[in-house]
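Working notes for the structure below.
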Amino acid sequence: MLDIKLIRKAPEECETRLRKKDPSISLLPILNLDKEVRQLKTDSESLQSQKKLLSRQIHQTKARNEDASDMIGEVERISQELTRLEALLEEKDAALQNLLVRLPNYPDEDVPISPDKTGNRVIKSVGSPSTFSFPPKHHLELNQKLQILDFKLPGKTSGSGWPAYKNRGVLLEWALLTYLLQKQQSHGFQLWLPPLLVKREILFGSGQIPKFDGQYYRVEDGDQSLYLIPTAEVVLNGFHSQEIFNEKDLPIYYAACTPCFRREAGAAGAHERGLVRVHQFHKVEMFAFTTPEQADQAYEKMLSIVEEILTELKLPYRLSLLSTGDMSFTASKTIDAEVWLPGQKSYYEVSSISQCTDFQSRRSETRYKDSQGKMHFVHTLNGSGLATPRLFVAILENNQQEDGSVIIPEVLRPYLGNQEVLSAQE
């Protein structure tokens, strides 16, 4: 959520910055409503003062045994007008807040301006796309012999886009997750297995709604709706909603391992079959609460961890600075880490690392008190560390052998009984 004071102070500058993300944005309706709200507050405060003054005069008049009926009538008239003004103020302020919460975060100055992902800028490449002495197979073809994934049986129970891991696939997935969690812990992150269902206001706090209302799985619990999390970012941000940190306790680093649930997976094309785009997947999420001054260092820390993981897994990858048209609603800056998938003949995102400035903390009311006792909103950052489906695919497709077997990355072998190869099964 953006600071209305800044919009009020520099409306043209704010609108210019916001239009880099969405050219249709106009701040005029917000400015007009803000003006009405402030005038209504002024009028209401003026009437409250008049009412208090008249009440004192009535008390004094009655103490002198004089007639106060005219003043009493005026107080009643003012009370009625106050009731009307307060109802109108509530209505106008709700309309103002409804517009404010739909504004995205401002993009940083160094973010490329583009309406879509075609404007993303590759800022680093490590390794070259894998080459083979044989025609490489898609992970679905590899699975025909490996037998580590199943799409048919879960399709019966849940529909398309809900894969199941089985046998050695389960062990490889958990080896990957254990490795990722231990990596986060080694860098000072507190580990969490948080709830998977959250209240609506927690989704609001992280910026998922109202902008993207209807895109999340929801369950009804009596008179309350709970939502399946699309990312652990939601719940980690919500842990400290309406709380105040001491500056000396920042930064705080969290990492959570959760299933994530997303409805939009059904839009995948034929080339994105299998694990590339699904409704449910595991992800280790990094999250940080910082002061504004600590945010850049936290960002570099998250990015370096992602690079360390991809380097240890020996996967070809690149980093892309997302354009204004491809970055998220909440982010001021996002770098995607993308791995090469031979089966898709393309790079695919496995991690997004985002700075969100004070956008989420204003919505969640998460603040900190500095050494002078002054209150500030914290800055929040998040990053995938990492999402496993495409990482799983990358491991299979980049390490495949001609016979359909797969070489297990060295860093994962200790979690798999030092097994070196996933052998193909005839």
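If you go along the chain as it appears here, the first residue is 1 and each next one adds 1.
Glycine is no exception: its Cβ is also placed from the backbone N, Cα and C atoms.
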In Swiss-Prot, the L-serine site includes Thr231, Ala232, Glu233, Glu285. Which of Ser133, Ser371, Ser384 does it also list there? Ser384
Among Val278, Val378, find me the residue Swiss-Prot lists at the same ATP site as Arg262, Arg263, Glu264, Glu349, Val350, Ser351, Ser352. Val278
DSSP-derived structure type at Val278 (ATP binding site), helix or strand or else coil: coil
Cα-nearest neighbour of Arg262 (ATP binding site) within the listed binding-site residues, Thr231, Ala232, Glu285: Thr231
Checking the spread of the L-serine site as listed (Thr231, Ala232, Glu233, Glu285, Ser384): what is the longest Cα-Cα distance, in whole Å? 9
What's the CA to CA span in angstrom from Glu349 (ATP binding site) over to Ala232 (L-serine binding site)? 17
Can you tell me which of the binding-site residues Thr231, Ala232, Glu285, Ser384 is spatially closest to Glu264 (ATP binding site)? Compare CA atoms only. Thr231
Compared by Cα position, which of the binding-site residues Thr231, Ala232, Glu233, Glu285, Ser384 is the closest one to Val350 (ATP binding site)? Ser384
Enter the number of other CB atoms within 10 angstroms of the CB of Ser384 (L-serine binding site). 26
